[in-house]
Amino acid sequence: MEASAGLVAGSHNRNELVVIRRDGGGGGGVGGRRAAEAKAACQICGDDVGEGPDGEPFVACNECAFPVCRNCYDYERREGSQACPQCKTRFKRLKGCPRVAGDEEEDGVDDLEGEFGLDGREDDPQYIAESMLRANMSYGRGGDLQPFQPIPNVPLLTNGQMVDDIPPEQHALVPSYMGGGGGGGKRIHPLPFADPSVPVQPRSMDPSKDLAAYGYGSVAWKERMEGWKQKQERMQQLRSEGGGDWDGDGDADLPLMDEARQPLSRKVPISSSRINPYRMIIIIRLVVLGFFFHYRVMHPVNDAFALWLISVICEIWFAMSWILDQFPKWLPIERETYLDRLSLRFDKEGQPSQLAPVDFFVSTVDPSKEPPLVTANTVLSILSVDYPVEKVSCYVSDDGAAMLTFEALSETSEFAKKWVPFCKKFNIEPRAPEWYFQQKIDYLKDKVAASFVRERRAMKRDYEEFKVRINALVAKAQKVPEEGWTMQDGSPWPGNNVRDHPGMIQVFLGQSGGRDVEGNELPRLVYVSREKRPGYNHHKKAGAMNALVRVSAVLSNAPYLLNLDCDHYINNSKAIREAMCFMMDPLVGKKVCYVQFPQRFDGIDRHDRYANRNVVFFDINMKGLDGIQGPIYVGTGCVFRRQALYGYDAPKTKKPPSRTCNCWPKWCCCCCCGNRHTKKKTTKPKPEKKKRLFFKKAENQSPAYALGEIEEGAPGAETDKAGIVNQQKLEKKFGQSSVFVASTLLENGGTLKSASPASLLKEAIHVISCGYEDKTDWGKEIGWIYGSITEDILTGFKMHCHGWRSIYCIPKRPAFKGSAPLNLSDRLHQVLRWALGSVEIFFSKHCPLWYGYGGGLKFLERFSYINSIVYPWTSIPLLAYCTLPAICLLTGKFITPELTNVASLWFMSLFICIFVTGILEMRWSGVAIDDWWRNEQFWVIGGVSSHLFAVFQGLLKVLAGVDTSFTVTSKAGDDEEFSELYTFKWTTLLIPPTTLLLLNFIGVVAGVSNAINNGYESWGPLFGKLFFAFWVIVHLYPFLKGLVGRQNRTPTIVIVWSILLASIFSLLWVRIDPFLAKNNGPLLEECGLDCN
């Protein structure tokens, strides 16, 4: 696809394409090796390395060839550590160098004339060099060389059999007289033969010498033997597993090949010492809950029956909610990846990369709430990712059709030509320039290149200029012209009307487009804005993502997709390789539908007041799900398998053959299971299984065909697919695009070679038209699923119902980082949107309570999905339960009768179990107590505000058809750090928790004053009520701090609420009259001074 083709706009009902031209450019060069070696400088003293006796550059270390001159080499051996400064390998003694302590014992090695047989020619360097070269740089006796005579090969004896194909370095040492002529002289290393027709010779030795002279029997020899034995055991183990070619050919790359055959990842179960006590306390807590509820139900409070009934109902609901949340954590696991093995298998140096291509999706809607600079940093981090350039394509979806986003992306593509080579040259992290230059670290650490400081300063200056240009575009966009925006060539911007515009595609960078400043190729960068027309349901973000799926299938069709929010940049450039360790693993990869990474955030205050990091969910719940069927999809930072998004069933797992007569005697089979096998034998022969594609007709279980039933790569497989699959059914399912339908049959990706770029561009415009999805399965069984504003839950749920599994990957360096809402109001609105999406799923046909039975969804995985759509309903009992303490303190009643010793035991046992469960959960997961406690606090804050409103809004939408508007969460800019934390924005979500706080404060004051007036007898029952009230206040404390805002700055709304509720409190105070002693007897009326 030509990157300079220009912006292409089109419509589904207009048979035309409009192309707006743009410009492009590129260039590059290399040097030579020999001159560089000749001028190599010693890394110790700075002098030239110089040449050795053979005329080649002097090499001190044969392991790493670290540049060291002869003088420094002699000094380090004599006075220094005697080791290479780089690889720490001990320097070996070279010819002509003085001996030092620690050199290996060699007979006569100090006598050059006797060692090399110079015969008086020790001053002839040419003779010495030729002798050493013929000896393969070994310590042989050059003078003993005789004219070459082939020596009969003496193979090793292995298990009593002769093996003739053993490589030379594995032959045994043999005396020189073996071979009838001793053509090998007294050499102790094999002779190098240039003629391949000459048989390989055995290693000869002098029988008059002791074997220790050749290294046999020494400590070093024993260590080598132990290492060799371990290697043989490892090779034997791999051989038993049936992997590879084990003919003993002695290939030098064999260790690397062994490593490449190893698994690319492995599961790391939580140690039993940490997880078993956790499981035990869960079981104990269940038992204690049973006894606790038995007591609560059997001992009602007669004088406060309503309070007792409400509390019991709430407690039962909390217990059920805890069970739904707890049991998916029963089998938590962690995972490790091996990037070196991935490279050895799929990305060998000097060979074309075999890594799978990946399409990156970035979605944005409103540049006023999602700053273009934030989006630009995300795109730059993608373009500079550590992955083969030809395998990366980045698609940016602009669902707001904003010219500001288009122009910012154009500037980003130009800056990428400088930024991408800088990142890859110096291997910096992270590769989003805004966050890289904000790092408060010593950037000189571990950077030895002298040019790094200079180039970093120049790059920072270029980035500041880039920011100025982006901010200028933002400032210009604040004033919209009356006639609308126009492009540089004078044509009107096609997206002036956000709700009525054609589809637009612009390829900024690509394989044939602009190159970077060093002349290297850049990844493809494509701008996409789908068509919008009045009267069509565009399905918000889910519809935009499905449009990107179709466009990318037409233009690049990578088998894997990565979707990111515009404010989530790649923090670990090797994140995609981490995902490929699972996706491309030949053992487990075929059944993996997506790899989910945890969300990590920048710019959050140290205390994380509103639990923005959500550590408990990402480090506890998701690890638990990974041990079942995989984590749920959270909307960003996820690598998908394209075929799984197309609604295909997961490949069927081949079951191992059962133990039948192949491994048991015939008489055993006849006796033990004769009836069963006899019955099978008498049945009709099974018809031959045909490998075909099929569609399931059930509406709620209508995935496409199972990919596992197609043999990829078989002769004529593609022809069979096209012939077997009904074309009409495919078009009805995927839409009326023959190019796109054909791409869905390519499991390993790739575009159609017969299609021209012009035809692909036309198809790309067609598949993003607003009417393309009509009467298809898009949003129902294919792609991102419609029906909820939290499309991520539905999408992952449908994949798991098709039998796929997902993977949770937590690299040591966070893969992606994003921005989180800092102020209280934005955080509550974010939680409101999530909860509203769950309520919508609860009332839809895809509710996990009744959808997907009989499919591939596992039982505990269903528990998790049920919990994810039921949790907003917990807000109703939570609100009631948080109100009870204030009512109890104001009325003098309580939700429990007077406790007996047995009842106190159950109450104390339950509290201890709750406490110990939290401690053990933090212990096995590694979550800090601060994060765990913030999560508990915000569970109450969100429950009595956002979740409560989500339930009522969801009911209004279902029952009355009142739709709620989707609000994009504002992304952080580059203002003062944590300035948004103290910003107060009034919203109705603040009313319920504010009321709860004031009610409980009033209740505490009323209860204490009542106890003071009634004497010490009432203090005992008061402690239980006060504990109950303080439990509520402590959980709402972060909300109280957010409500007050900065010090000495109380919001007006708080003052108004305080006055209003103070008035109510005054009326209650008069009604309670706490200063009047309460008696059960008759009231005495004051009738004057003399009452008698």
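Heads up, the Cβ atoms here are built off N, Cα and C, so glycines get one too.
Cβ neighbour count for Asp399 (active site) (all protein chains, 10 Å cutoff from its Cβ): 23. The active site feature in Swiss-Prot is assigned to Asp399 (among others).
According to Swiss-Prot, the feature active site maps to Asp792 (among others), an assignment based on sequence analysis. DSSP assigns Asp792 (active site) to a helix in the three-state reduction. Around Asp792 (active site), taking its Cβ as the centre, 24 other Cβ atoms fall within 10 Å, counting all chains.
Neighbour density for Cys42 (Zn(2+) 1 binding site): within 10 A of its CB lie 20 other CB atoms from the protein chains shown. Residues annotated as Zn(2+) 1 binding site in Swiss-Prot, with similarity to another entry given as evidence: Cys42, Cys45, Cys69, Cys72.
For Cys61, Cys64, Cys84, Cys87, the entry in Swiss-Prot reads Zn(2+) 2 binding site. Annotation note: Cys87 (Zn(2+) 2 binding site) sits in a coil segment as assigned by DSSP.
Residues or ranges marked as UDP-alpha-D-glucose binding site in Swiss-Prot (evidence: similarity to another entry): Ser363, Lys369, Glu370, Asp399, Lys540. For the recorded site, Asp399 (active site), the DSSP three-state label reads coil.
Counting every protein chain shown, the number of other Cβ atoms lying within 10 Å of the Cβ of Asp565 (Mn(2+) binding site) is 24. The Mn(2+) binding site annotation in Swiss-Prot covers Lys541, Asp565 and is backed by similarity to another entry.
As annotated by Swiss-Prot, coiled coil applies to 453-480, with the evidence given as sequence analysis.
The annotation region 'Disordered' is assigned in Swiss-Prot to 100-123.
If you look up Swiss-Prot, you'll see 890-901 (among others) marked as topological domain 'Extracellular'. Mean pLDDT for the topological domain 'Extracellular' (890-901) in this predicted model: 83.
Residues annotated as topological domain 'Extracellular' in Swiss-Prot, with sequence analysis given as evidence: 959-987 (among others).
Sequence annotations record features per position, and here Swiss-Prot assigns topological domain 'Extracellular' to 1041-1049 (among others) based on sequence analysis.
The transmembrane segment annotation in Swiss-Prot covers 281-301 (among others) and rests on sequence analysis. Away from its own ends, the transmembrane segment (281-301) comes close to residues 307-309, 312, 315-316, 319, 323, 326, 330, 893-897, 902-903, 906-907, 909-910, 913-914, 916-917, 920 of its chain (Cβ-Cβ under 8 Å, at least six residues beyond either end).
Sequence annotations record features per position, and here Swiss-Prot assigns transmembrane segment to 304-324 (among others).
Look at Swiss-Prot and you will find 869-889 (among others) tagged as transmembrane segment, backed by sequence analysis.
Under the heading transmembrane segment, Swiss-Prot lists 902-922 (among others), citing sequence analysis as support.
With a threshold of 8 Å between CB atoms, the same-chain residues lying at least 6 positions outside the transmembrane segment (938-958) that come near it are 610-611, 828-829, 831-832, 835-836, 838-840, 842-843, 871-876, 878-879, 882, 964, 988-990, 992-993, 996, 1032, 1035-1036, 1038-1039. Sequence annotations record features per position, and here Swiss-Prot assigns transmembrane segment to 938-958 (among others) based on sequence analysis.
Within 8 A of the CB centroid of the Zn(2+) 2 site residues Cys61, Cys64, Cys84, Cys87, the other residues of that chain are Ala60, Asn62, Glu63, Ala65, Phe66, Pro85, Gln86, Lys88, Thr89.
On the backbone, the CA of Cys87 (Zn(2+) 2 binding site) and the CA of Cys69 (Zn(2+) 1 binding site) stand 16 Å apart. By the count of Cβ pairs under 8 Å, the stretch nearest in packing to the transmembrane segment (1020-1040) among 304-324, 869-889, 902-922, 988-1008 is 988-1008.
Each of Gln43, Ile44, Gly46, Asp47, Val49, Val68, Arg70, Asn71, Tyr73 belongs to the same chain as Cys42, Cys45, Cys69, Cys72, is absent from that list, and has a C-beta within 8 angstroms of the C-beta centroid marking the Zn(2+) 1 site. In the shown protein chains, 20 other C-beta atoms lie within 10 A of the C-beta of Cys61 (Zn(2+) 2 binding site).
Beyond the ends of the transmembrane segment (869-889), by six or more residues, the same chain brings 304, 307, 310-311, 313-315, 317-318, 321, 324, 793, 835-836, 838-839, 841-842, 847-849, 895, 940, 943-944, 947-948, 950-951, 954, 992, 996, 999-1000, 1002-1004, 1006-1007, 1025-1026, 1028-1029, 1031-1032 to within a C-beta distance below 8 angstroms of the stretch. Cβ atoms under 8 Å from those of the topological domain 'Extracellular' (890-901) belong to residues 296, 299-301, 303-304, 307-308, 310-311, 884, 907, 1002-1003, 1006-1007, 1010, 1021, 1024-1025, 1068, 1072 of the same chain, restricted to positions at least 6 beyond its ends. Taking the Cα of Glu370 (UDP-alpha-D-glucose binding site) as the reference point, the closest of the binding-site residues Cys42, Cys64, Cys72, Cys84 is Cys64. Mapped onto DSSP helix, strand and coil, the topological domain 'Extracellular' (890-901) counts 3 helix, 0 strand, 9 coil.
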